[in-house]
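Lifted from TrEMBL, the feature list:
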REGION    385-415  region 'Disordered'
DOMAIN    418-463  domain 'CUE'
REGION    533-712  region 'Disordered'
COMPBIAS  536-545  compositional bias 'Acidic residues'
COMPBIAS  546-559  compositional bias 'Basic and acidic residues'
COMPBIAS  585-596  compositional bias 'Acidic residues'
COMPBIAS  612-629  compositional bias 'Basic and acidic residues'
COMPBIAS  630-640  compositional bias 'Polar residues'
COMPBIAS  641-650  compositional bias 'Low complexity'
COMPBIAS  657-674  compositional bias 'Gly residues'
COMPBIAS  677-687  compositional bias 'Basic and acidic residues'
COMPBIAS  688-700  compositional bias 'Basic residues'
Amino acid sequence: MTLKLRPYPSSHALKALSPSKRASINQAIASSLATTLDLPPQKRDEPSSRVFLASYANDVAFNTLQDIIWGDPTREQSKLLSKHELLIRKRSLLLAEKVAPSGLDLRVLLDLSVVYGRTNPIQLHAVFAATLHLSSSIAELVSTQLIPAFTILLSQENPASQGLYAQRKTAECIYTFLRAAKGRESGSASPLVLSFAKSKPFVVNLAKLYSAGLAATAQSYGGLSVLAAGINDNRREPDDWERIWVETKVALLDSFHIILVALLDDLASTHGGPALAAKVESTFDLIFALIDIPQAPAPSNGATVPPIPFLNMPLLGDYQHAYSLSSTLAGSLRRAQKEDDARLDFLDGTLRSLAGEPIQPSDHAQGRKEPGALKILLRSSGIQPGIDDRGNHPATATSQPTAVKGKARAAETPPQANIDMEITQVLDIFPDVSPSYVRNLLLHDRYNGNPEKVVEALLDGTALPEDELTVQDQAEDSHRTVEAYRISERRNIFDDHEMEVAQLRVGKKVRGEEVLRDRTFIEQMKADILRRAEAISDEEEDEEDQDKRSRGTKWEGKEGLGPPTDDDEDDVDLAKVKITGDGEASGDEEEDEEIDGGTGWGDEQIEGWKIMLERNPRKDKILQKHEFSGNRSQAAVATQSGAGPSNNGARGRGGRRAGGAGRNGGGRGGGPIGGSARERAWKDKNKSSRGNHNRKRGHDKKMASAGAGVPP
């Protein structure tokens, strides 16, 4: 079964869909491409694959050209794509590589060059080579259709080419196609690039657009004087049209560089004879034709601008300024002809005059070159001054203390992201320079990470040699005394002290056996525990003595009165009411009548008092005092009965009503020994804070105030 790819939907149709629907479509396209790439060639090279590739390249190329004008120059286009869109872009290029051996149209190649010319020129060159190897008709189509079309777009007679945006898109298409066709072959020229080099009208129109055409376009935006003022004002951010105008010039100059390098490589690969002479004559004819191009007319407002590189100089002048065309041309012709040509001296002087360089070589060596209008591109990276590419503001300059603990901080180096971006800016102008050499120049104290100074030094030829920078770096590393300060590392004054390895120990100290053999601290611990226990017991006895003294002093100085005893309280509480163990009155009528006659209370009052006694929080203590404590020997009873009236003797009637043991026992209802009574008193003291004792006590007070108490 053969999988057929459908045409790629347009961006306009995708934008009309919801984000979820658009994401699902992109995911389906990416998976279909992955499946197609795994198919064998006979099933993969179907017309549907070419239709999809053509539709995708056409749509993405259009969006790429639009982004050049309206997009954000500070953000790469790949960062604006989703994960599935990146997969589609990558797999589409792989599909083009696999389908190219069976042939691709010239329009598809042009669209692919716009999409992948700047990002994947090597892979795209393989697609061009495979297509050209299959059919030589592609080179013929380039010569008969593509180059004339570009020539018309570059020509000033075409009204459609007067706009800056159209000129920028045309320059981008030419540059990306030439870069993809060139590849990175050295020593041999690409036949597609040679087709452009052999077209004299194309090269002449390119040079005219570079000088007079763009100068006329700048007049509609204010003229070259506005650009010159922007170059000299470092504090002003360039406008969008200024950036587009300079980018157009750079694209045209890079395209001419690719054409001229291919022309000189083809000249060097020819070994003598009439063919070499014809190529030399063709090269000189092209150079002289470019020299004869008239200069841009003076502006109508009368404002004159001095010659500034890459602003108002001709194409050959800027190329001489950047690549030293006279030296390159002389070297190539001498290697090819093995003899000097008299026209080289004339070209050398003419090219130097176009570039504004001194005629004498000695003066040229001392001459100073300026980046000119390229400063606009160097400053138009989109990053706000003082803020890096991650949005981090610079640290505010604060006064540092004179004395700082620890080591001093080394000089701060620029962030890695900024260094890489500055290296890219320099390499865009000098692609043949080593990136490591550019990095060393940016990190040098003389340039202080300023790409403009590095470009200026490379143009002047005053940049430090690479071997000298390497020697200086090695010397600084060997003599560096101040180390870089790391925030994650905490340092103190002992960091530089040498450590004695003999005193190092791994793990804990083994001292368990020594501790177990030492019993002195255990005896000391026992003594401390006993001492603390005795201190607690003494404090309790002191508190009890203090309570007794406070109760005794309350009744001092009052005649006939003494402190109330527990026996008096018990008599008042009981009020001689006979209560059995279950809380009900006894069945002895005689005793009931005797109690009624002795107290003068009615049954209702006695019953109410009984209820009050049941709610008395001290009821348990009173009942425990008079409860039956077991049979006793006769001698003990006799001893208690003859004890006499004392505080510890029996005062009550005793009997069934538990009528009156002494404070510490006595009688039939006598209590336990003093120690138990003390513990029980300590417990009863804290009982009032638990349960419903507080509530019941408040109820008793309320009933007493209402007249339910003992009558007077």
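In case you wondered, yes, glycine gets a Cβ from its N, Cα and C as well.
Predicted automatically and left uncurated, TrEMBL annotations should be read as such.
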*If you run through the domain 'CUE' (418-463) with DSSP, how many residues end up as helix, strand and coil?*
31 helix, 0 strand, 15 coil
*Provide the three-state DSSP residue tally for the compositional bias 'Basic and acidic residues' (612-629): helix first, then strand, then coil.*
11 helix, 0 strand, 7 coil
*asked:* Within the domain 'CUE' (418-463), what mean pLDDT does the predicted structure show?
replied: 81
